[in-house]
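**Q** For D:LYS99, the entry in TrEMBL reads active site, schiff-base intermediate with DXP. The 1-deoxy-D-xylulose 5-phosphate binding site annotation in TrEMBL covers D:GLY160, D:ALA186, D:GLY187, D:ASN208, D:THR209. Here TrEMBL flags D:8-251 as domain 'Thiazole synthase ThiG'.
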Number of protein chains: 4
Amino acid sequence: MKTEPLIIGDYTFESRLFLGTGKFGSNALMHDAVFASGSELVTVALRRVRLQEQEDEVVSHLQIPGVHLLPNTSGVRTAKEAVLAAQLAREALQTNLLKLEIHPDPRYLLPDPIETLAATEILAKEGFIVLPYINADPVLCKRLEDVGAAAVMPLGAPIGTNQGLQTRAMLEIIIEQSAVPVVVDAGIGAPSQAAEAMEMGADAVLVNTAIAVAGDPVAMANAFRMATLAGRIAFEARMGAVSKSAAASSPLTAFLAQE
Amino acid sequence: MKTEPLIIGDYTFESRLFLGTGKFGSNALMHDAVFASGSELVTVALRRVRLQEQEDEVVSHLQIPGVHLLPNTSGVRTAKEAVLAAQLAREALQTNLLKLEIHPDPRYLLPDPIETLAATEILAKEGFIVLPYINADPVLCKRLEDVGAAAVMPLGAPIGTNQGLQTRAMLEIIIEQSAVPVVVDAGIGAPSQAAEAMEMGADAVLVNTAIAVAGDPVAMANAFRMATLAGRIAFEARMGAVSKSAAASSPLTAFLAQE
Amino acid sequence: MKTEPLIIGDYTFESRLFLGTGKFGSNALMHDAVFASGSELVTVALRRVRLQEQEDEVVSHLQIPGVHLLPNTSGVRTAKEAVLAAQLAREALQTNLLKLEIHPDPRYLLPDPIETLAATEILAKEGFIVLPYINADPVLCKRLEDVGAAAVMPLGAPIGTNQGLQTRAMLEIIIEQSAVPVVVDAGIGAPSQAAEAMEMGADAVLVNTAIAVAGDPVAMANAFRMATLAGRIAFEARMGAVSKSAAASSPLTAFLAQE
Amino acid sequence: MKTEPLIIGDYTFESRLFLGTGKFGSNALMHDAVFASGSELVTVALRRVRLQEQEDEVVSHLQIPGVHLLPNTSGVRTAKEAVLAAQLAREALQTNLLKLEIHPDPRYLLPDPIETLAATEILAKEGFIVLPYINADPVLCKRLEDVGAAAVMPLGAPIGTNQGLQTRAMLEIIIEQSAVPVVVDAGIGAPSQAAEAMEMGADAVLVNTAIAVAGDPVAMANAFRMATLAGRIAFEARMGAVSKSAAASSPLTAFLAQE
């Protein structure tokens, strides 16, 4: 079943499920999970890429037809560090796609709104397709859009917690107002939560921990693939309203009265 | 991707999505939605079946290979009425499958625990495969099992409200304790909610309103098909735990420090 | 601040907070917590009362002016056992008030709807003021009312879990439909949850674990006293509606434009 | 019952309930609600104050012993406008307390993180006691603290929606990390929600719409007073943990077995 394609910068995606590649038990498992997920965009932490070496183990396992790499700047703490990291990533991986992550906070890994806005402005001008990872802040999302972000990536819950869409009330406003794609990133811990984000109208979701730490990561990747697509189809098929009072789907006239 | 089959009585199902057939705009649309859903068990209200006529419009539209009919007793208010309705249904539709619905309450259509237990005991003895629709009451579920229910069908929320798993805390206990399949019935309003029920370990879900009233019921049926399967795969693949504190999926060591 | 009194049977209560008396560190602490709570109705498990002895330790600590005892039948598993227990309780404690608890389930202590309905009918005829503890089942509540229950006590969540109003969707219907007082019992773990039940229109709440296991049970009893009253006042003062879009409480005209 | 006092800048408060003064039906009603609430800090929108006139109607109705005014900058859209507004407010109301609100967004009135940080830094240096109103962003809260904010005021939900603590997951982190008082502002629609914020460990709450639009604003102010205090007492009294499985508060040994 076909759904509308997703366009970010000059890339077009059929799949609306992005994958993170950390925490997998092995590179082979990571490869198989990415393949099963149907994802066309996978993040890779720049720190994991051996920049000077010809045969990088992580990157070589992600050479899958149709799959684009999205380097992320995980580990940087300021706009300045992020800009330098982004330039190294572009050179090493030959892509202008960039997931911008700036989190000075070592415990919850939450993003810094000020540094992220500053770095987005600089990097967008330098030709990067910038996808900033941010708190679910509607005003910040509009400002990022104004300085050239290609998409916004608000968090659903703190990274790695599997808590789901804790920021739902703010995500709804972000989705309503955004002129660029909205990718819900972080906190999605179950296929049902990926489907829920898509039903709300999010343009894509990014999942990592929930797949990587599952008992069977490849099967879980497949489950996320289907649930994300199901959520998108439901959004396009226009769901019914939630109501307070019941409405019978079966007729209520007394069964025996009319026999 | 294969999941464990579901066995109820002497029937085996690959699909864990059951469909209700009320509220569709036309019988043709109903047929197409059932087909798209992949469901192998669809409920039909006995009142909608013209028992004496050879060519019943509703039933004839549900003659789909692999699809079983599950007559329901919607409209009855007592155990006595239910037993009579069940016997008529068996004769008319030539099946011993029965969804037992006894709801004296015309507003919220909530089931009566006392009458339902009494009717289940009688009908099970008469050879019916009884699936009683009930409130999410863990003790009642065990008693129904004791008197011969082939499955239990606790509600997620009042019928037709699309509110989702409002009774989640009780459903968890029911699923943990039940020796017969648990089918979450009523209230499921979005594919994400069907997936959520399956992730919790429910054996199946029954959906009607959310599909029938969607802008595009056939597409929505397909979305529910995928989401239900995704939830089941996730359950079998063992999901990771929910945690309070973040855990980075990307490494945290400062990016530039080691270059 | 005065609120409407609560009438159950021929008793009138100013306080809408009922207290359970289990789990306290000592009888003295129990006494002080009951006093601080302002409660006028406290449950006591019949098993804890030494029926033949003149000086029962538990009961003597609950001899507080204005406080009525509400014996409960905790520990019985059938209607027959409950009726016998009720008669012993009436004789021992000289009261016709009775909290009817029938839970065959040793793990979650959830009530049995069938036995509870049968015992309520018998005991109401014998002149007891019966307050049955039940699952949040709207149809069962109406049936209990029909056979003479003086109030209904639906659970918010399994006993002792402190999970709050997990059955909220069903409680709303029960409150809307009930002709007798609705007392939310079990699961209330924080003063905010007691307030929430009262704001919904519940007539009273029963709290035990949350007070008994607090770091400072007497202070916590006081907190529940205030929160329950606050919730009732809010209900009587008619709360505003929940809305999706913001409405400024401060004027929005640009500050400097008009200077 | 005494609770720990709250200290912000060089002010000490017994009450942890702050009040907004918009939307009241009349100034007399506003006065009576403030009085009933027990609040010692009430916000007033600078735009409502007629700066040059001697007898301002709003301000004169807030001349209540023990009540401090907290002028807010509602209506400004940039740091620059905010700084000018703050200076006018200080002069007009003779206070260095300032609630900093910068919201360029006319629909949801959500705050701008970048402008708010910039203005906080300037105003703190100019001697203001700055309480910035912000999204529930833990990193932003720490940065505001670093530039001199006297407290932080994260929102619970969009202003005026009465939706409660929608941002709870982020509020928990903010409360855990903050070195300055955390005041939950906006979205609190019921006394139970004020209590819930206090139970989580918030230092105070600010309420306006829920009181101003109630059927009886004075009674509702009283309800919020009690609920806020109840929540604080509960926090200081240390609440019990939430658990999954039940724990009986009454003894479970079979009642009749031992008679």
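Glycine residues also receive a Cβ, built from the backbone N, Cα and C atoms like all the rest.
All annotation found in TrEMBL is predicted automatically rather than curated by experts.
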**Q** Which residues, sitting 6 or more apart from D:LYS99 (active site, schiff-base intermediate with DXP) on the same chain, put a CB under 8 Å from its CB?
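**A** In sequence order, the residues whose Cβ lies under 8 Å from that of D:LYS99 (active site, schiff-base intermediate with DXP) (at least 6 apart) are D:THR43, D:LEU70, D:PRO71, D:ASN72, D:THR73, D:LEU131, D:PRO132, D:TYR133, D:MET153.
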**Q** Would you mind giving the whole-number mean pLDDT across the domain 'Thiazole synthase ThiG' (D:8-251)?
**A** 91
**Q** Three-state secondary structure of D:LYS99 (active site, schiff-base intermediate with DXP) from DSSP?
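**A** It is in a strand.
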**Q** Counting across all protein chains shown, how many other Cβ atoms sit within 10 Å of the Cβ of D:ASN208 (1-deoxy-D-xylulose 5-phosphate binding site)?
**A** 25
**Q** Compile a sequence-ordered list of residues in the same chain as D:GLY160 (1-deoxy-D-xylulose 5-phosphate binding site), six or more apart from it, whose Cβ lies below 8 A from its Cβ; state 'none' when nothing qualifies.
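**A** Counting only residues 6 or more apart in sequence, the Cβ neighbours of D:GLY160 (1-deoxy-D-xylulose 5-phosphate binding site) under 8 Å are D:LEU109, D:ALA186, D:THR209.
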**Q** Which chain-mates of D:GLY187 (1-deoxy-D-xylulose 5-phosphate binding site) that are at least 6 residues away have a CB under 8 A from its CB, listed by sequence?
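**A** Residues satisfying the criterion: D:LEU155, D:GLY156, D:ALA157, D:PRO158, D:ILE159, D:THR161, D:ASN162, D:GLN163, D:GLY164, D:LEU165, D:GLN166, D:THR167, D:GLN193.
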**Q** DSSP on D:THR209 (1-deoxy-D-xylulose 5-phosphate binding site), three-state: which is it?
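**A** It is helical.
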**Q** Within 10 Å of each Cβ, count the other Cβ atoms and name the one among the binding-site residues D:ALA186, D:THR209 with the highest count.
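**A** Result of the Cβ crowding comparison: D:ALA186.
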**Q** Roughly how wide, in whole Å, is the group D:GLY160, D:ALA186, D:GLY187, D:ASN208, D:THR209 that binds 1-deoxy-D-xylulose 5-phosphate, by largest Cα to Cα distance?
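**A** Largest Cα to Cα distance for the 1-deoxy-D-xylulose 5-phosphate-binding set is 9 Å.
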**Q** So which of the recorded positions D:LYS99, D:ASN208, D:THR209 end up next to chain C, with Cβ to Cβ under 8 Å?
**A** D:ASN208, D:THR209
**Q** Could you say whether, by DSSP, D:GLY187 (1-deoxy-D-xylulose 5-phosphate binding site) belongs to a helix, a strand or a coil region?
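**A** Reduced to three states, the DSSP call for D:GLY187 (1-deoxy-D-xylulose 5-phosphate binding site) is coil.
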